[in-house]
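Worksheet for the structure shown next.
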Amino acid sequence: MLALSLLSIVSIASAAGVTAIPEGDNPYTIFPSVAKTASINGFADRIYDQLPECAKECVKQSTSSTPCPYWDTGCLCVMPQFAGAVGNCVAKNCKGKEVGSVESLATSICSSAGVWEPYWMIPSSVSDALAKAADAAAETTAESTTAESTAAETTKAEETSAKETTAAETSKAAESSAPAETSKAEETSKAAETTKAEESSVAQSSSSAADVASVSVEAANAGNMPAVAIGGVIAAVAALF
């Protein structure tokens, strides 16, 4: 039964234009025996846990478009209608390293199942789509890096400008404040000196008047000065006030 299944696979694959079996190989012996059951399908089960999230739904493609038993890994690997559907889904949903990871896992599982090179047999159009998906991620990464670099330079320039503006404003404020404080100090000092001089002058005048008055009183009391002289002294004292 298994031999008939493998023979039908080889015949269908050849008719569909899939890579031919290398000459000299026996199509009945190149496929290892596989378990005749699968939780998803023979292609997905053994690599599902290692797939990137973007590809996990892709490997759940229906196997009804193929003559393969759903559990037959080798048969599914050589069916372009199944492999192509998986590949197109990956190209739409995955980018960059994710694409490379899926291709590597698919190649590995198909090689382990005994399929000949190129192992995972997808149409050329699907291969091109996968290549573009991988390249698109690389270009996006480069653009993102450039944008981040430009943003960082702009931010740095703005910070430098802000610091220079703040420094200039601080310097200007200091210059404006210094003359005002100096002028105020000078005015205060001048006023203090004027007040001190005035107080000194008043003190001296008071002292002189007191001295004169003392002399006049003493002379009057002694009775040694004529009345006219005493009157003149009193007039002189009065003039001082």
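Note that Cβ sites are derived from N, Cα and C of the backbone, with glycine treated the same way.
Taking the domain 'CFEM' (26-137) as a whole, pLDDT averages 92 in the prediction. Look at Swiss-Prot and you will find 26-137 tagged as domain 'CFEM', backed by experimental evidence.
Residues or ranges marked as disulfide bond by Swiss-Prot on the basis of sequence analysis: CYS54-CYS94 (among others). Secondary structure at CYS94 (disulfide bond), taken from DSSP and collapsed to helix, strand or coil, is coil. The Cβ neighbour count for CYS94 (disulfide bond), using a 10 Å radius over every protein chain in view, is 24.
In sequence order, VAL86, CYS89, VAL90, ASN93, VAL102 are the residues near CYS58 (disulfide bond), counting only same-chain partners six or more apart with C-beta under 8 A. The disulfide bond annotation in Swiss-Prot covers CYS58-CYS89 (among others) and rests on sequence analysis.
As annotated by Swiss-Prot, disulfide bond applies to CYS68-CYS75 (among others). Annotation note: CYS68 (disulfide bond) sits in a coil segment as assigned by DSSP.
Per Swiss-Prot, the feature heme binding site maps to ASP72.
The annotation disulfide bond is assigned in Swiss-Prot to CYS77-CYS110 (among others) on the grounds of sequence analysis. In the three-state DSSP assignment, the secondary structure recorded for CYS110 (disulfide bond) is helix.
If you look up Swiss-Prot, you'll see 140-154 (among others) marked as compositional bias 'Low complexity'.
Here Swiss-Prot flags 140-210 as region 'Disordered'.
The compositional bias 'Low complexity' annotation in Swiss-Prot covers 163-182 (among others).
Per Swiss-Prot, compositional bias 'Basic and acidic residues' is recorded for 183-199.
The feature compositional bias 'Low complexity' is assigned by Swiss-Prot to 200-210 (among others).
Feature annotation from Swiss-Prot assigns GPI-anchor amidated asparagine to ASN221.
Annotation: CYS110 are the disulfide-bonded residues among CYS54, CYS94, CYS110 whose CA atoms are within 10 angstroms of the CA of CYS75 (disulfide bond). Looking only at Cα atoms, ASP72 (heme binding site) sits nearest to CYS110 among the disulfide-bonded residues CYS54, CYS94, CYS110. Here the Cα atom of CYS54 (disulfide bond) is found 26 Å from that of CYS68 (disulfide bond).
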